[in-house]
Structures are given as structure tokens and as C-alpha cells.
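Read through the structure below, which is laid out as C-alpha cells, and then see the notes.
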Amino acid sequence: MGTTTTYSYSYVEPTIVSLLILSSFIYLLNAARYIAHQLFYAGLIGEILVGIIYAAPLANILKTEWEQTVLDFGYLGLLILVFEGGLETRLDFLAVKSNLFLSSIIGLTGILTPIGLSILLCTIGFKFTLLESFTMGASLSATSLGTTFAILSSQGTYQLNKSRMGTILVGAALLDDISGLVMASVIEKLGHLGEQNLPWLIFKPIVSSIAMIVISTLLARFVFGRIWIKIKCENRIIKRYSDQILLFCLIAGLSAFVTIASYTGASTLVGAYCCGATLRHLDECRKKDSTDVEHSNTTSFQHLFEKYIRTIKEYLFAPFFFASIGFAVPFLQLWHGKELWQGIVYALLMILGKFITGVWIIIWTFASTRFKKSKVTNVLPTVPVEIAMVEQVPMSQPSTTSPVLISHRSLSSRSVDTPHDEVVETNPPEVSAKKSRSIYPALIVGLSMVSRGEIGFLIANIGVSAKVLSAEAFIVTIWAILLNTIMGPIAVGIMIKVLGSKLSDGVWID
């Protein structure tokens with residue numbers, strides 16, 4: 001009996017039903033994002049809801065293979081989101097030790113607090129086992145890195161993604177993402193506690209991710225940056241095809257970083273972020289070396305991303321990612337009475353577990369303000385310094401002198417008859433210090449950390465597959481992840497809309 005050999009995939013014209021489903025899905029994702037942005041100032045909520053409706057748990061409009069395709073394209077959108085975040089990261093802020101330390105403190109608080117609160121509530125209040133309570137807390141310990149970038153970039157009016165606060169927030173979310181991968185590894189291996197290599201399986205994502213960040217930083221600073229400066233673009237052919245050459249470098253670099261991260265056990269998201277930050281460093285090296293500022297701006301990786309990638313990311317890849325989050329929601333199983341109220345209570349507690357991370361911004365602000373005041377007290381009481389500052393301004397200069405110099409001049413004119421301690425008490429920056437103590441950045445950081453997403457659903461599903469989570473605990477966990485993913489961006493969007501121009505105040509939004 002002969003066998004039929006297929007040499008290629010047969011081209012068959014798709015049915016009109018398939019075309020209508022796909023086109024309506026893409027259109028409604030974008031329409032829902034626009035409506036949700038107008039109503040809640042968080043467009044990704046609309047995309048998640050469309051994903052829930054079209055997926056198998058509810059209307060089952062999309063075929064299973066289509067859902068997998070959307071999920072694959074969506075994860076590519078997640079990588080592009082994280083890459084864009086690295087490309088827009090303020091490296092001068094990221095290089096400051098205090099910012100790195102603060103990101104670590106916020107990230108660790110966002111990891112440990114949800115796990116601790118989960119163990120307390122779920123073991124004592126809901127009567128789940130300790131292992132279930134830990135797994136539920138682990139699912140809620142990871143902040144969605146892609147959602148964080150989407151929240152910051154969607155509020156383009158205030159450039160929060162390029163601010164000091166945004167840089168610290170991204171660092172904390174990145175740490176939470178790494179911890180989420182570790183938690184997933186731990187939960188997956190809980191049924192094999194006798195394995196001798198379990199400690200390495202747990203620490204491998206941590207070691208690999210840290211090594212990825214450190215090595216890429218060193219290479220960017222001491223190798224790639226210096227090579228990039230030496231490459232001259234005066235050649236006529238290179239100038240003509242500069243966009244195509246840079247686009248190839250961007251795609252090849254992103255592919256290389258993500259592949260290396262995957263094969264070394266690090267997060268692919270860490271690889272995408274490191275690639276974006278590396279290319280940002282190359283752009284800055286080019287700007288410092290180039291005398292033609294306009295030309296260096298138009299041949300930068302940032303300009304290239306804006307020109308060729310941002311539009312397709314915004315209208316296709318990113319909507320697919322948030323729709324794939326909706327695919328993971330077991331919608332019909334969420335509405336049982338006991339799991340429903342437990343899920344809502346648990347979600348509120350998990351909101352608190354992440355929202356409390358913003359307290360570190362307030363603590364840091366007051367601590368740094370007091371330190372600066374003590375430093376000013378030790379330096380300012382010498383009259384010659386005040387006189388020297390005044391003498392730098394010509395006497396014939398009009399009254400448009402900067403406010404700081406005017407305040408010094410007025411102080412020095414009284415300093416002859418005024419004791420030094422009185423000079424210190426009336427010394428200026430009360431206004432800026434007051435602004436820097438604002439709680440607005442703390443609120444935005446805390447609310448931005450609330451949103452969970454892809455890592456949370458991943459850990460919860462691994463817990464069910466490994467029989468660590470019961471069906472009831474799984475539904476309660478899904479409720480908490482879903483409500484946090486929805487309420488976090490809405491709260492941030494409303495907060496930013498209400499605060500408006502006040503967000504330009506203080507050292508955190510600079």
C-alpha cells in the first residue's frame with residue numbers, strides 16, 4: 001500500500017468566517033483599548049476583556065491553534081515592550097547607587113510582603129495548606145514587567161518612563177520578574193524535593209539574570225561603546241542605507257540577547273531589557289562623539305524604533321499580549337460563591353501587599369532631605385561664601401536675575417548684622433524641599449507595582465499541574481491576579497489624570 005508524501009502546505013483560500021473573525025478580533029482589540037483609555041485611563045484593560053470574550057472559556061470564537069498563535073505573537077509583543085523600556089531607560093539615573101538600592105528595596109518588599117500576607121490569610125482564614133498559601137503568594141509576588149512599561153509609556157504627556165521614578169519602578173519590576181521565574185522553578189520542583197540539584201535549579205535563574213545584567217553592562221561600556229564611536233558613517237552608501245543597517249543591528253542584537261538569556265537560564269525579558277539599555281548607551285556615545293547633533297538623532301536606535309517598530313507594536317503585538325492574558329482566565333469557573341468572596345478579599349490584601357512598596361519613596365525622601373539640611377547647616381554659615389556668590393553678578397544686571405541668586409543677594413545684604421544661625425533658618429530651598437516630599441510619586445510607584453500578569457498566571461498554572469494547588473485555591477489565586485491586573489492600571493491612570501501638572505514637581509519626576 002503506497003503512502004502519500006506531502007511536500008508542502010497546500011494553499012487553501014480561507015473562509016469568509018475566518019477572515020471576519022480575525023479582522024474583528026484585531027479591530028476590537030484596538031477599539032476596546034481606546035474606549036478603556038477614555039473611561040479608565042488604562043487601555044490594556046479593554047484588550048484583556050476582548051481576550052476573555054474571544055477565548056475558549058467564554059465565547060470560544062478563536063480556534064485553539066489561533067489562540068496559540070496569538071499567544072506566541074503576544075509574547076513577542078511583550079519582549080518588544082520590555083526592549084522599548086530598556087531603550088528609554090535613563091542610564092544616568094540607573095547608574096546612581098542610591099537609585100539601584102532603592103529599586104532593590106522596593107522590589108524585595110514587593111516580593112516578601114505578598115507571600116507573608118498570603119500565608120497569614122490563607123492558612124488561618126481560608127484554611128488552605130501552608131504549601132498552597134506559599135504558592136498563591138508566589139503567584140502574586142511577581143509584578144508584570146510588560147504591564148509596568150505599558151502603564152508608564154501610555155502616559156506620554158508626563159514622560160514618566162524617562163523620569164527617576166520610572167527608572168526606579170522598572171528596576172523593582174525587573175527584580176520581581178526574576179523572582180517570579182525562581183518561584184516558578186521552585187514550585188515546579190516541589191514534587192522532587194529529593195533531587196540533589198534542586199538548589200541549583202532554584203538559584204540558576206538568579207545567577208544567570210545577574211550575570212546577564214553585569215556582563216552586558218561591562219560590554220556596553222568598555223567594548224561596544226568604543227567600537228561604535230570608531231565606526232564612521234560618512235560613506236555615501238552607508239548614509240543611504242543607514243536605516244536598514246541599524247534595523248538589522250537592532251533585530252540581530254535583540255535576537256542574540258534573548259537567545260543567550262534563554263539558553264543560560266535567565267529570563268528572556270531580562271535579555272530584552274539589557275539589549276534595549278545597551279543600544280541606548282550606544283546612542284548616547286554617538287551623540288557625545290558627533291558634532292552634527294541633528295544627524296546623530298536621526299540615525300539613532302531610538303529614532304529607528306519610533307519610525308519602524310512602535311506603530312506595529314502599539315496596534316498589533318502589544319494588544320495580542322494583553323489579549324493572551326485574557327485567554328488564561330478560566331472565566332466560567334470564577335463565579336462559585338465561596339471562591340468569589342475569598343478571591344475578592346485575597347485580591348484586596350494583595351493590592352495592599354504591593355501598594356505598601358511606595359512607602360520607601362516617602363522614607364527615602366525625608367531621610368535625604370534631612371541629610372541635605374544637615375549638610376547645608378555645616379557649609380553655609382560663612383559670610384565670605386555669600387559675598388562671593390553676590391560678586392559674581394554684575395551690579396548693572398537687570399532684575400531678571402535668577403531667583404536663587406536673588407535670594408543669596410538678599411541674604412548676604414542682611415548677613416552683616418544677622419547671626420549665622422538665623423541665616424541658615426531663612427536659607428532658600430524650602431519650596432523645592434516641600435515639593436520633593438510630595439507623596440504623589442509614592443502613590444504612583446505603589447499603584448504601578450499592583451498589576452500582575454503573565455508570570456502570575458504561569459506560576460498558578462504550574463501549581464495546578466504539579467498538584468500543589470487545589471482547584472479552589474487556584475480559582476482564588478486567579479481572582480486575585482485578574483483583579484490586581486485590572487485595578488492597578490486603572491488606579492494609576494486615574495491618579496495621573498487627577499494630579500495633572502503636579503507630577504512635574506519634585507526630584508522623583510525630573
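Start at 1 and count along the chain as shown; that gives each residue its number.
Positions of Cβ are set from backbone N, Cα and C atoms, glycine also.
Check TrEMBL against the ranges 134-153, 274-293 and you find transmembrane segment recorded for 134-153. Only residues 6 or more beyond the boundaries of the transmembrane segment (439-462), in the same chain, are considered here, and those with a CB under 8 A from a CB of the stretch are 75, 78, 106, 110, 135-136, 138-140, 142-144, 146-148, 151-152, 160, 165, 168-169, 172-173, 176-177, 180-181, 183-184, 187-188, 321, 324-325, 328, 351, 354-362, 469, 474, 477-478, 480-481, 484-485, 487-489, 491-492, 495-496, 499, 502-503, 505-506, 508-509.
Contact between the transmembrane segment (344-367) and the transmembrane segment (69-87) is not supported, since fewer than 3 Cβ pairs fall under 8 Å when only residues 6 or more apart in sequence are counted. Listed as Cβ neighbours of the transmembrane segment (99-128) (distance under 8 Å, sequence separation of 6 or more from its ends, same chain) are residues 93, 134, 136-138, 140-141, 143, 164, 167-176, 179, 342, 345-346, 349-350, 352-354, 356-357, 360-361, 364, 445, 449, 470, 472-473, 476.
Here the transmembrane segment (39-57) has Cβ contacts under 8 Å with residues 25, 28-29, 31-33, 64, 67, 147, 150-151, 154-155, 318-319, 322-327, 329-333, 485-486, 489-490, 492-494, 496-497 of the same chain, all six or more residues outside its ends. Here the transmembrane segment (206-224) has long-range neighbours at 178, 181-182, 257, 260-261, 264-267, 270-271, 274-275, 277-278, 281-282, meaning same-chain residues at least 6 beyond its ends whose C-beta is under 8 angstroms from one of its own.
Remote same-chain residues near the transmembrane segment (474-496) are listed as 37, 40-42, 44-45, 48, 122, 126, 135-136, 139-140, 144, 147, 150-151, 154-155, 158, 160, 325, 329-330, 333-334, 336, 339-340, 342-344, 346-347, 350-351, 354, 440, 443-444, 447-453, 456-457, 460, 463-464, 503 (criterion: CB distance under 8 Å, separation of at least six residues from the stretch ends).
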